[in-house]
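Noted in Swiss-Prot for the protein shown:
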DNA_BIND  4-23  DNA-binding region
DNA_BIND  48-56  DNA-binding region
BINDING   Phe73, Lys189, Thr191, Phe220, Asp276  hypoxanthine binding site
DOMAIN    2-56  domain 'HTH lacI-type'
Amino acid sequence: MATIKDVAKLAAVSTTTVSHVINKTRFVAEATQKRVWEAVEELNYAPSAVARSLKCNTTRTIGMLVTQSFNPFFAEVMHGVENYCYKQGYTLFMCNTEGDLEKQKHYLRMLAEKRVDGLLVMCSDLNEQLLTLLEKNTELPMVIMDWGPDSPRTDKIIDNSEEGGYLATKHLIENGHTHIACITGQADKVTCKERVRGFERAHADANLSFNPEWILEGDFECASASKAVDKILSIEESKRPTALFCFNDIMALAAISKIQQSGLRVPEDISVIGYDNIELSAYFSPPLTTIHQPKRRVGKTAVEILLERIKDKDHERRVFEMQPEVVTRSSVLNRLK
């Protein structure tokens, strides 16, 4: 493996000059830079990240704890994170914990050993055990990208779930639906509680009541939505909901599939609105009306906030709030026409 001395010898310069060219720490004549970079390429030289981190007190690496990397919503956020890290010259260590506390402990310890410059935490719900773990690493610049309890010591991304739940339900009501069911995620998750509050507030603003038995608990996965639709379809047709609000697009896809398998039509018989606006939602059959969240922008913003925190650890706490909006496609019938 080539060393910095090999590069210096081939380029006919000192090792100090090679270091300045690679790290861009001092002016070096263009012709000299050209010789150095040609030598680097010819020798396939890779600077020691360990040596550089000891000298500069930075590794130009960021750690990211993720609980559900397979979920399309989180995958799109992660794309925004990775893309912006790359553009800024940072390497991303992505650790998928799947909500396992032992994995979380292991990865936090590993990232600390790697001396990452900062940490992003993206969780489907931030539980107290993970919060306690994170609070033991308060010296590490950190951005929480979660939908759980607040922490005054970290920057945070908020998804504004209550407003999203309100907008989804309001859209259904404005299209003439007064009998609306919803399929939530796990009832104990903060994001679900907030979307239910939005669902209830939209009904109250329209002076409408709702059947609490039509708030059906899912888990953000297809199978739970399919079971929930079975319950809806077991209701006598004349008393059945005309619209269904699913708390993510994956459950909406499963709901549409189940409804169509039963011989009913979407949206003619039952309308469906989703949440997240994942890339696939535009290609559902029918294309899904949903609540948009700026996922890749959220990923980019999280990295921007973290890099500012790395530069200035005493910077005042930042909170970025996503603004949900309705994306109208073809899965909701206007019953007023």
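Placed from the backbone N, Cα and C atoms, the Cβ positions cover glycine too.
Residue annotation for hypoxanthine gives Phe73, Lys189, Thr191, Phe220, Asp276. The furthest Cα pair among them is separated by 17 Å.
Summarising model confidence by region, the DNA-binding region (4-23) averages a pLDDT of 91. Among the listed binding-site residues, namely Phe73, Phe220, the Cβ with the most fellow Cβ atoms inside 10 Å is that of Phe220. The binding-site residues listed here are Lys189, Thr191, Asp276; among them, Asp276 has the most other Cβ atoms within 10 Å of its own Cβ. In terms of DSSP secondary structure, the domain 'HTH lacI-type' (2-56) contains 39 helix, 0 strand, 16 coil.
Annotation note: Asp276 (hypoxanthine binding site) sits in a strand segment as assigned by DSSP.
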